[in-house]
Every structure is written in C-alpha cells, then in structure tokens.
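Annotated 5-amino-6-(D-ribitylamino)uracil binding site per Swiss-Prot: Phe23, Ala57, Phe58, Glu59, Ala81, Val82, Ile83, Asn114, in sequence order, evidence recorded as sequence analysis. The (2S)-2-hydroxy-3-oxobutyl phosphate binding site annotation in Swiss-Prot covers Ala86, Thr87, Arg128. According to Swiss-Prot, the active site, proton donor annotation covers His89.
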Amino acid sequence: MKVIEGVLRLKGNEKIAVINGRFNHIITDRLVEGARDAFKRHGGNEDNLDLILVPGAFEIPFALEKALSSGKYDAVCCVGAVIRGATPHFDYISAEATKGIATVGLKYGKPVSNGVLTTDTIEQAIERAGSKVGNKGAEAMVTIIEMLDLYNEMGK
C-alpha cells in the first residue's frame, strides 16, 4: 500500500497568511507569535508571511474568503480566541467562525487551519497560548505546513 503523507517542510517560497481575530488580543498576540515562530523554524521566508488583522473570530471567514480569492496565498492559518461568558454569544461566535473557516477552505481547495481557541475561561486560553499546554498558534501553523506539503504531493 502506498502511503501519501505531508511532511513538515517548506521550500521557502510558499506564501502564507495568518488571519488574527484581535478580540482577546492578550491571547491572540501570543498565538500569532507561535505561528510566526513555527513558520520560521520550518524554513519559511518571513517576507512570504502576511498578518491579516480582523476585529474578532466572527470576521475571520470573511477575511479568509478575500485572502483565498485573491490567489495570493498558498495556505492560510487562522487564529483567534473565543472565551465563554455569561450569555450564549460564545456558542454562536465559535460555531459560525468554525463553520465559516471550514466552508471557505473547502471552497478554494487550499490548506486552511483553524487555530481559533474556544475555552471556558481566560486561564484555559492562556494555557493554550504558550503557557502550560503549548501554543495552538504554532500547532495551527505546523498543520498548515504539513497540509501544504500533502497538497503539493497530491498534485494540487
């Protein structure tokens, strides 16, 4: 059986965007740094990494649609943080952001990762933004790198 699998490698010419929902920026700034660091550690040329800022997680799918429709990017890494509050707002925002990211990624057939945190507390978000549980922004970028290699391996 032939196994087709992406590996963690960049050639250095891949153009990747990170879309950051700025709401909860104390958390999302760390996610962006994690993504940037992972991109550089795996051979990415920082001149080929763009940061697109949007107000919050709900706006990420719109920016993702614009980024992918431009034809400028090989892949897009989405990061943000939605923290549960006392109202159902969390449920609506997290569901729509997740659905929107998946829908747009499939529409354009390009690698897209969802590094949007959905946590019950700010402490959980901090832990996932580089404290105790690693950095989910870095993990989202590593996912993009592997999927981009798989995408290329499968012949686009």
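Glycine too: its Cβ is placed from the backbone N, Cα and C atoms.
For the binding-site residues given as Thr87, Asn114, the lowest number of other CB atoms within 10 Å of the residue's CB is seen at Thr87. Scoring each of the binding-site residues (Ala57, Ile83, Ala86) by how many neighbouring Cβ atoms lie within 10 Å, the top position goes to Ala57. Counting only residues at least six positions away in the same chain, the Cβ atoms of Gly21, Phe23, Asn24, Ile27, Thr28, Leu31, Ala57, Val116, Leu117, Thr119, Ala125, Ala129 sit under 8 Å from the Cβ of Ala81 (5-amino-6-(D-ribitylamino)uracil binding site). The number of other CB atoms found within 10 A of the CB of Phe23 (5-amino-6-(D-ribitylamino)uracil binding site), across every protein chain shown, is 18. The maximum pairwise C-alpha distance among Ala86, Thr87, Arg128, the residues recorded as binding (2S)-2-hydroxy-3-oxobutyl phosphate, is 23 Å. Taking the recorded positions His89, Arg128 in turn, the residue surrounded by the fewest other Cβ atoms inside 10 Å of its Cβ turns out to be His89. For the 5-amino-6-(D-ribitylamino)uracil site, whose binding residues are given in the record as Phe23, Ala57, Phe58, Glu59, Ala81, Val82, Ile83, Asn114, the maximum C-alpha distance rounds to 16 Å. Val82 (5-amino-6-(D-ribitylamino)uracil binding site): 26 other CB atoms within 10 A of its CB, across all protein chains. Ranking the binding-site residues Phe58, Glu59, Asn114 by the distance of their Cα atoms from the Cα of Ala86 ((2S)-2-hydroxy-3-oxobutyl phosphate binding site) places Phe58 first.
Spatially close to Glu59 (5-amino-6-(D-ribitylamino)uracil binding site) yet at least six residues away along the chain are Gly21, judged by Cβ distances under 8 angstroms. Counting every protein chain shown, the number of other Cβ atoms lying within 10 Å of the Cβ of Phe58 (5-amino-6-(D-ribitylamino)uracil binding site) is 19.
Distance from the CA of Arg128 ((2S)-2-hydroxy-3-oxobutyl phosphate binding site) to the CA of Phe58 (5-amino-6-(D-ribitylamino)uracil binding site) is 20 Å.
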